[in-house]
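Annotated features in TrEMBL:
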type	residues	note
TRANSMEM	A:55-73	transmembrane segment
TRANSMEM	A:107-126	transmembrane segment
TRANSMEM	A:146-167	transmembrane segment
TRANSMEM	A:179-197	transmembrane segment
MOD_RES	A:Thr228	FMN phosphoryl threonine
TRANSMEM	A:250-277	transmembrane segment
TRANSMEM	A:284-302	transmembrane segment
TRANSMEM	A:322-340	transmembrane segment
TRANSMEM	A:352-370	transmembrane segment
TRANSMEM	A:376-396	transmembrane segment
Amino acid sequence: MGLKNNLHNFREKNKDKKWLPAFSAIHTFLYLPNETTHNGTHIKAADDLKRTMNIVIMAMVPCLIFGMFNAGYQHHLAFGEIERVTSGFFSSTFWTMDNFTVGFWKILPLVVVSYGVGLAIEILFAMKNSHEVEEGYLVTGMLVPLIVPIDIPLWMLAVAVAFGVVIGKEVFGGTGMNILNPALTIRAFLFFAYPTWMSGDKVWVHGADPRVQDLANGATPDAISGETILGSLAQNNSSMIDSAGDIWNAFYGFIPGSVGETSTLLILLGGLFLIFTKVGSWRIMLSSVIGAIVMGLIFNGVADAGWISESSKFYGLMSTDFWMHLLVGGFAFGTVYMATDPVTASQTNKGKWIYGFLIGFISIMIRVFNPAYPEGVMLAILLMNVFAPTIDHYVVQGNVKRRMKRLKVKTA
Amino acid sequence: MSKDIKIKKGLDIKLIGEADKTVEQAIISNFCTIRPEDFHSVIPKLIAKEGTRVKAGDVLFHNKDVEAMKFVSPVSGEVVEVQRGPRRRIDAIKIQADKTQDHKDFGKFNMSSDAAATKAHLLASGCWAFIKQRPYDVIANPERSPKAIFISGISTAPLAADLDFVLTGKEEALQAAVSALAKLTEGQVHIGVGSNNSPLANMNDATIHKVSGPHPAGNVGTHINKLDPVNKGETVWTINAQDLVIIGELLLTGKFNAERIVALAGSSVKKPRYFKTTIGSEVATMVYDNGVDKDGNDRIISGNVLSGKQLKPDGSLGFYDNLISVIPEGDDYEFFGWNKPIFNKISTSRALTFSWLNPKKKYALNTNTNGEHRAFVVTGSYEEVFPLDIFPMQILKACKYEDLDEMEALGMYEVAPEDFALTEFICVSKQPHQDIIRKGLDLMLKEIG
């Protein structure tokens, strides 16, 4: 086969070139390398890191496509051009080409910038350290566009990606060595550097932000609200989610929010796919849902017992039914795609239970107690990323202690 | 006090080309090669220089550190070549075999001798080389007394020679060896067997354990971990079941008879079967007749596909091996091999890999790495195939950053490289686990001893 041989010869000819990792990245993308084992095991199982990462991306693609439709839908809805969906997941007002086109042209640049900037930096570092380009960024690059507001300026995203990849990952030694989830590092950077673009009630719907309006030379921005459900609940306003239809819409994902995190249904399917393929950790996903439910129940209990007055600024979110916390905000997305990052999560099975539980628990706690920015999952995961090595340390110490005890019993 | 060993974690790698249960006499090899590298960490002091005539059982070299530990010639003949590597390290000792074999007579051993006499006899006759120790997975230090001796009578590795088959009829020799070894330990001799039909199932002077479960159930390391793990300062010894036969025959007849039944297996072999041959024989005497294509692109491995050693076509059977595996080389590119659905390779995940659909299917795997070397990323997968009470990834990382205290605390005294063969096989990051562990053990041996 021509292409195969040509690429092979090209590679052999340029074996010692500095830029070879860049070529390799493309070459190994086309062809599984001809590398063979030496000593050690002479055979190897089928999975490699590319395959593993590819599975995660496949699990996210439905969220991405849904996000494109939803971006258009929210835009048209906010401008009063269409009616709210009332007819289930396959509603014809939602799945229109028009919605898709609006979202597609908004989201495609986010994806391009995220991958372009991130991969360029990865390749530079790979060349500098002369190792192969590792696949970690394939997933990060896909996660980033899904967790930012739709109207985020592209330069801002580029700066954040550069920061996240360099400071969040490469300074620690690259893929596999980082402490914080790179995608969340990027989001946290945006959140703290440009808070007005990352929170409030104007950023979640394309065109709702007056700054963008001005640019687009649009009409009366005051008429438009792009508030998220979580945002309104934090204002003690539960009108956005007081009917069964609203709740179903929240589950399907027909609500404002970051690009790809709104559809709990698709995230649930993606999560099941990850668990089925054994790529994502079911321990982390399950325990973090349990953690969120426990915290939600505690808050419900506090609200029901009347320990907090209805005028309290915490009342709205505290009295929200515990299960509703799983549907709104970025909790589901964070749990399935971000908390399960194997590098930054706990690495021991027991540790994963603790780690996941605390993520769920702390997410809801931050959500309730931080009304200025009513989403806790990002900070909860980053916090637990920092604690994951400590959790692992104590789990491993359990094993070490058992060994020591065995020795003592013997010598005693 | 017999305790059954039952494990759930592990993976049976089912490959095409298991050996048929027929034994053929291999063509007598003209040359016999002994490679000191088979005896890890032993520095050889050469006795039989080039041109020396030796009988089977005559000393070729001894251990520089322990002079009493002799390594003997498996055949009678003439030492024709001593191959040396960098810094005059001895790579191989090649002996041209006589047409009629002549054995040195060590004399029939008095089975009621005490431990010291038994030890001396085994050391002098070259049989000590068969006894390995943990920690460090090296030839046993004769000055230490082990708390127990472990023998695995079941092999669960891919394409492994069926020990029940190759040991049939050798009960007498086996029993002699077991009884002699039992004197060398204050503790017990533990033998793991697959079924009650095993020739080892009725040994006296030993504790028999029934073993079941997927690979690595047959690895002696698994038995040690489940029955009596090695603590700091303790030693256990391990011996391959098939080598008991050689030890037993020496004790009973006084001859070092290096004959061994070896399986020839693997998907590249036309007619996989068993051969009767001797240690150090050229593999060419077995692999080509009704076996492998002469100009095929295959890999010949002395040992199993997980921990064996790659051989060149002129290579010879390793000192401890009773299996020659031949599988196709995988030095070809595969278009979109990283993302298309895979039906013809084994995987423990279901990441568009479909070996979970049909767990009984046998595969013809080649030597392709199926991906490039990466940093450790995926967690939790090793634990599914690793039955020891040890954290595999943590101990591997400790070896990589050479933290001796941590290696010790995490259980380094208990492991051998082969215990990490399965984790290496499934490793998504294609890390060389066995090599990492070997280097870690060498470091500990050097620093702690």
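These residue numbers are counts, starting from 1, taken along the chain as shown.
Glycine residues also receive a Cβ, built from the backbone N, Cα and C atoms like all the rest.
Listed stretches A:55-73, A:179-197, A:284-302 were compared with the transmembrane segment (A:376-396); the greatest number of C-beta pairs under 8 angstroms is found for A:179-197. Relative to the transmembrane segment (A:146-167), the listed stretch A:179-197 leads the set A:55-73, A:179-197, A:284-302 in CB pairs under 8 A. A C-beta separation below 8 Å, combined with a sequence spacing of at least six in one chain, links the residue listed as 'FMN phosphoryl threonine' to A:Asp201, A:Trp204, A:Ile255, A:Pro256, A:Gly257, A:Val328, A:Gly329. If you look at the transmembrane segment (A:250-277) against the transmembrane segment (A:55-73), you find at least three C-beta pairs under 8 angstroms, all six or more positions apart, and that counts as contact.
A:Thr228 (FMN phosphoryl threonine) carries neither a helix nor a strand DSSP state and counts as coil.
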